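Enquirer: Can you keep this structure in mind? I'll have questions shortly.
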Amino acid sequence: MSEVSLQAVKDYLLDLQDRICDALGAEDGAATFREDSWEREQGGGGRSRVLENGAVIEKGGVNFSHVFGEQLPPSATEARPELAGRSFQAMGVSLVIHPKNPYVPTSHANVRFFVAEKEGEAPVWWFGGGFDLTPYYGFEEDVVHWHQTAKVACQPFGKEIYPEFKTWCDDYFYLKHRNEPRGVGGLFFDDLNRFDFDTSFALMRSIGDAYVPAYQPILARRKDHEFGDRERQFQLYRRGRYVEFNLVYDRGTIFGLQSGGRTESILMSLPPLVRWDYDYHPEPNSAESELYHKFLIHREWV
């Protein structure tokens, strides 16, 4: 097995954060990311970057964190009791972009690395991550481009990787209490250690590097699309699903809160404005109803 290199992973993640912020900041053109470096009392720290009230991005957060501790929180050991009592290190980049224009989808991406150690035993390590897209008004060409970019990122590692990670994404980003997917999916993977370290790390890098070419063309294509109050109100309503998922189901949010993470950074993914309407149903045959019938369904996009 190739040797685990925490420093190589950390260097990559810091560089990825830089590249994503540069690309998205350039696409916005009006606002820049504000950096907030922080330390965690129990061990570790990170740097959070937030762009707010831009010309294109209403709120975007790109967070790097590297935290460690004496034992993993319950969210990490629930499915793997053999990890109980091990010290851990966790590092990753996580981002959510909430655009102003309702015709631009929200995007989320995350790549992360965990290692759990115990004296006298081999370290247990794994990678996780992925990216997913949440449109408000769907465009088929955008979703196909998103999934095609995801597929290309996975191809060097085996033809089974894209369909496996796509299905995993569809299953993970699903609001059980609403009986609907959060968006149109993408890739999701966790507990990845089936390859040696170098190959697993290369797969994580390939997926991390694919986020900007997957999202930036969609952002550029839709950011100047005309919209009115109707579209804005529907966007705010659908953002409610994002909030529900992140606070009820998201593993990263739960892990962060259980491990004593930095609350401002953990909740950075939430949109600045959102609304809930009681028992809302879109008008039949409207652009809003099209989202439910054409996009928030299980589909093979490529």
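Here, residue 1 is simply the first one shown, and the rest follow in order.
Yeah, the Cβs are placed from backbone N, Cα and C, and that goes for glycine too.
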Enquirer: Going by the substrate site in Swiss-Prot, where ASN110, VAL111, ARG112, GLY260, GLY261, ARG262 are listed, which of the candidates SER87, SER94 is also part of it?
Expert: SER94
Enquirer: Can you work out which residues elsewhere in the same chain, 6+ from the ends of the region 'Important for dimerization' (242-277), have a Cβ less than 8 Å from its Cβ atoms?
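Expert: For the region 'Important for dimerization' (242-277), the far contacts come to 36, 38, 40-42, 46, 48, 50, 52, 58-59, 61, 63, 65, 67, 69, 72-76, 90, 94, 96, 98, 106, 108, 110, 112, 134, 173, 175-178, 182, 190, 233, 236.
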Enquirer: Within 10 Å of HIS108 (active site, proton donor) (Cα-Cα), which of the binding-site residues HIS147, HIS177, GLY260, GLY261, ARG262?
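Expert: So far as Cα distances go, none of the binding-site residues lies within 10 Å of HIS108 (active site, proton donor).
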Enquirer: With HIS147 (divalent metal cation binding site) as the reference Cα, tell me which of the binding-site residues VAL111, ARG112, ARG262 is the closest one.
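Expert: Of the binding-site residues VAL111, ARG112, ARG262, VAL111 has its Cα closest to that of HIS147 (divalent metal cation binding site).
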Enquirer: Do you know which of the binding-site residues GLY260, GLY261 has the most other C-beta atoms within 10 angstroms of its C-beta?
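Expert: When each Cβ's neighbours within 10 Å are tallied, GLY261 leads.
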Enquirer: Can you name the residues of this chain that are 6 or more positions from HIS98 (divalent metal cation binding site) yet have a C-beta less than 8 Å from its C-beta?
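Expert: Counting only residues 6 or more apart in sequence, the Cβ neighbours of HIS98 (divalent metal cation binding site) under 8 Å are ILE57, GLU58, LYS59, GLY60, THR106, ARG239, PRO271, PRO272.
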Enquirer: With a 10 Å radius around each C-beta, find which of these recorded positions (HIS108, ARG112, HIS147, HIS177, ARG262) has the fewest other C-beta atoms nearby.
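Expert: Ranked by other Cβ atoms within 10 Å, the recorded positions HIS108, ARG112, HIS147, HIS177, ARG262 bottom out at HIS177.
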